[in-house]
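A short write-up of the structure that comes next.
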Amino acid sequence: MLWIEAVRTLSADLEDPFELEFVWRNLHELNKLSWLNLMREKITDQELKLLTEVSKRLHQNEPPQYIVGWAEFRDLKLKVDERVLIPRPETEELVEMILAENEKDSLKILDIGTGSGAIAISLAQARENWSVKASDISKEALTLAAENAEINQANLEFIQSDVLDKITDSFDIIVSNPPYIAFDETYEMDNSVIKYEPDLALFAENQGLAIYQKIADQAVNHLTDNGKIYLEIGYKQGQAVQAIFQEKFTDKLVSIHQDIFGKDRMISVK
């Protein structure tokens, strides 16, 4: 059997048939040309066994990023596993908005619920004069985030904290992509997310609004006079999250921002 025949057979029922190629190429460090050349060769019994195992894991909805052990975020390569969420493209938009609106040197930044460290590491790399701290309730997530910071040569500090419970500083920018999915919304989620990604980073009480409320309650005492808050939100939560923060920050403008698909996806408080 040729490689191309094996790949066609084993990827036929996958939602994204290119996932099999993605995983194999990354596990074996093959570029596109090497992969195409491989397709014309005969597949060995051992290779077929390994390829079948990868296909099986993909058919069980295991995210390809978890199989290869990393994910891309902006220009970063981040280690990921079941301790953290896989970074999403919409979070890149949140980072880009922060960078576009803030160019001043020596700002103090806090990323709440950092997970893999995607937001904090991106900001620390893009603005070397910023002082960036990142917190998470999960010790396991912080361990992985610290590894990612070292891999990507980013200088930042990590703190284990439930939102701002153990934070004492004030910040010029507080950013968060918190858990925001309601427990009764699992029907809208992909099986791969439900089965493999950590519940702690996905779900929140009060129809997904509980962490936003806690951030609003606590950030009042941790924001500088001209400080700003940036948040990622669920696409149905814009008005609810806006109301939570407008109640706490009556002297600031709380705005809803859309992603590239026109869906409510971000909140700014400034």
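Note: Cβ is positioned from N, Cα and C throughout, glycine not excepted.
The annotation in Swiss-Prot ties GLY113, THR114, GLY115, SER116, GLY117, ASP136 to S-adenosyl-L-methionine, and of the candidates under consideration, ASN61, ASN155, ASN177, the one tied to the same site is ASN177. Cα-Cα distances to PRO178 (substrate binding site) place GLY113, THR114 within 10 Å, out of the binding-site residues GLY113, THR114, SER116, GLY117. A 10 Å cutoff on Cβ-Cβ distances gives GLY115 (S-adenosyl-L-methionine binding site) a total of 29 other Cβ atoms nearby, all chains included. Note on PRO179 (substrate binding site): other Cβ atoms within 10 Å of its Cβ, all shown chains, come to 20. For the binding-site residues listed here (GLY113, GLY117, PRO178), the lowest count of other CB atoms within 10 A around the CB belongs to PRO178.
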